[in-house]
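Participant: Have a look at this one.
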């Protein structure tokens, strides 16, 4: 190799090498990639029939069922907008109808969402603060919830895509792509109704900047995506009336009635040893709100109002509306704002050394959260990572004691792996579904109710 070629090769390698500043910003994403590869290999690829979360079985089975001619909201009861099932339907088509490949594709999608969420948190915090220590701390703080990193290995979960699309909507708007921002914001709602805050945020940003053209593009992008998302409901499944019942009426009639104290305790149990960092993130959010809504000087300006507003929205949902205290996944959307809050509080520390010390403590917590899934068995128990369940154990699904008179049904994972096409829309009998049937005085073998029938039943009840 000539001297000139050697010099060119050396210059190329130097251009590809990351500077210390860039390495710090990239580290949280690389950490996320490493954790996802680890759990993918040790959990998903460690069995010919990988373990699966029951709710993942619901999403993935319905996606497969739609490719077989099933009609959402008519042949299958589901209290969410159709985007999750349209997503798993696409995955089912890509898998060629093979349930093992469908599960692998779902896990890969969820793992990719985790890495993208972490990256977006880093970018958004760095855009605000310009601090290459605070931004990585924010990204790594997504792992404060021990189950955040491991849950993708058990299959599809819509809340990851809700957070991804919501943060992406804000990122795209700040980068000057209002139409795409509207699309992403609408998608966040399509994955879960609680994502309604993100369209309001991007519309609010456009109004604040008095940018009429951007506002029109945000609205056009959001409405256009919504029309495309709902087209199968009106044109293919003819289930608009049933969708209104299941997506809008059911959540209002079947909310969990856990006390405020029970919700606080459940939050501590799920965050385990990382709970003090949640309080620290709350302080960061409070500081950001103070800077946004008063004339207090700080890193955050008035355009960063979306941070405390988004945090307040998800805190309200957790504390007063929708939090299944037995599981941790309802905490994931709010976790993104807690992580941003930690990044913001890191910028107000007196010197760089204090921020680095905060990073060291955070690293110790993350080691426990990732390596030991939240605990070594002292005070708290680790997050459960169950292995494959024998098919014989899935043939019947135990119902809650209050509904033990209902006829037992197979576990949805059994239905998934056996590729069973259900004969009734109430074929899985989730707790919310049982509450709804009890509320409208219907049996488990009844058809999905349209809006008129449901309204009449509720009126008589």
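Glycine residues also receive a Cβ, built from the backbone N, Cα and C atoms like all the rest.
Just so you know, TrEMBL annotations are computer predictions that nobody has curated.
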Participant: In TrEMBL, which of 52-69, 70-87, 160-177 is labelled transmembrane segment?
Facilitator: 160-177
Participant: TrEMBL tags one of 260-285, 390-415 as transmembrane segment - which one?
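Facilitator: Among 260-285, 390-415, the range TrEMBL annotates as transmembrane segment is 260-285.
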Participant: Which range is it, out of 331-349, 426-444, that shows up in TrEMBL as transmembrane segment?
Facilitator: 331-349
Participant: Which residues of the same chain, at least 6 past either end of the transmembrane segment (104-127), have a Cβ under 8 Å from a Cβ in it?
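Facilitator: Distant contacts of the transmembrane segment (104-127): 25, 28-29, 31-33, 35-37, 39-40, 44, 50, 56, 59-60, 87-88, 91, 94-95, 134-136, 138-142, 148-149, 151-157, 160-161, 163-164, 167-168, 170-171, 174, 336, 339-340, 343-344.
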Participant: Should anything in the same chain at least six residues away from the transmembrane segment (160-177) have a Cβ under 8 Å from its Cβ atoms, list it; otherwise answer none.
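Facilitator: Result: 84, 87, 110, 113-114, 116-117, 120-121, 123-124, 127, 151-152, 184-185, 187-188, 191-192, 194-195, 197-199, 201-202, 205-206, 214, 218, 306, 310, 332-333, 335-336.
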